[in-house]
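Listed features, source TrEMBL:
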type     : residues                                               : note
BINDING  : N13, N66, G76, N77, N165, N198, E216, R217, G226, T227 : substrate binding site
ACT_SITE : C75                                                    : active site, proton donor
ACT_SITE : C75                                                    : active site
ACT_SITE : C225                                                   : active site, proton acceptor
Amino acid sequence: MDIPFVKLHGLKNSYIFVDLFQFQLEEESLAPLAIAVADRNTGIGSDGLILIHPSDTCDVGMRIFNLDGSEAMNCGNGLRCVAKYAYENNIVESDTFTIQTKAGQVEAQVHGTRAHVQEVTVDMGAPVLQRELIPMQGAPAQQVVAEDFQAGEEQLLVTAVSMGNPHAVFFVDNIDDAPLYTQGPVITNDPRFPDGVNVEFIEMLSNREMHFRVWERGSGVTQACGTGACAAVVAAILNGKAPYGEEVTVHLSGGDLFIRWEKDGSVWMRGAAEKTVSGTFHWERGA
Ligand SMILES: N[C@@H](CCC[C@H](N)C(=O)O)C(=O)O
């Protein structure tokens, strides 16, 4: 099978995009295809696969598969890339439009021209903070803010946030000392998070600026995570480390995102999306 693809990234969090307005894929091929395209030796190389598809309820739809083939409910960097692709390819009429995800509907606004969208702002909706909806084990109806969390030998404090997908946020004094490679792969599969979890380490530089590192569920260390950056800013506000309603600059390994959380309302994410390459991926399933 020859599959037309485009590779885009949000701050070097890269995905292979297949446009299902143009090309059909069978449901059972999606997870193995994600693993195949993401492989950096035998595939194209990416953090996963994203499908851009027609939607009954929104202007365009997005589905995201991690590097290991697991499907996630949401992807912030993917949303900005889908918005760029949809606008540049005339899938949408206006520069503000809706995108359907498995976690619900979001609204995107592109900044730029049909020839080149540089930046995208997304209304990511309200974070989900009830423990059982993240989901995290423990007494229901509570928020998880700076809660004791024993991880191996380390005694950490966790703040848990869902942006449609689960995030465990840990504040550290120095980002270079964050136990990303030791605790990331352990915490992501911790049974206290029955669906697994994306693991973020944050160093606050001021109440408007933070360093961010992530171990993504299903993909491992990535250069950036849009939903993770949103969760980190929400966690900072819940811990009294940042204000409501003000843009916070998040320094990720791959670049900066600008995140704002309105009290009792939406999280807004603004940042870049880039196209790197397009082509055709020749794939024999099971080969
Ligand atoms: N990189 C993404 C998140 C992708 C999904 C995540 N790994 C999960 O399993 O929830 C982003 O930019 O938000």
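Every residue, even glycine, has its Cβ placed from backbone N, Cα and C.
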Alpha-carbon distance [the residue listed as 'active site, proton acceptor'; N13 (substrate binding site)] in Å: 7
Any further residue of that chain within 8 Å (Cβ to the Cβ centroid of N13, N66, G76, N77, N165, N198, E216, R217, G226, T227) of the recorded substrate site: I64, A72, N74, C75, G78, V214, S219, T222, C225, G228
Distance from C225 (active site, proton acceptor) back to G76 (substrate binding site), taken between C-alpha atoms, in Å: 7
Pairwise Cα distance for C225 (active site, proton acceptor)/N165 (substrate binding site) [Å, integer]: 11
Substrate binding residues N13, N66, G76, N77, N165, N198, E216, R217, G226, T227: largest Cα-Cα distance, in Å and rounded to whole number: 16
Whole-number Å value for how far C75 (active site, proton donor) lies from N165 (substrate binding site) (Cα to Cα): 8
Intrachain C-beta neighbours of E216 (substrate binding site), sequence separation six or more, cut-off 8 angstroms: D47, N66, T188, N198, T222, C225, G228
Site of maximum Cβ density within 10 Å, from active-site residues C75, C225: C225
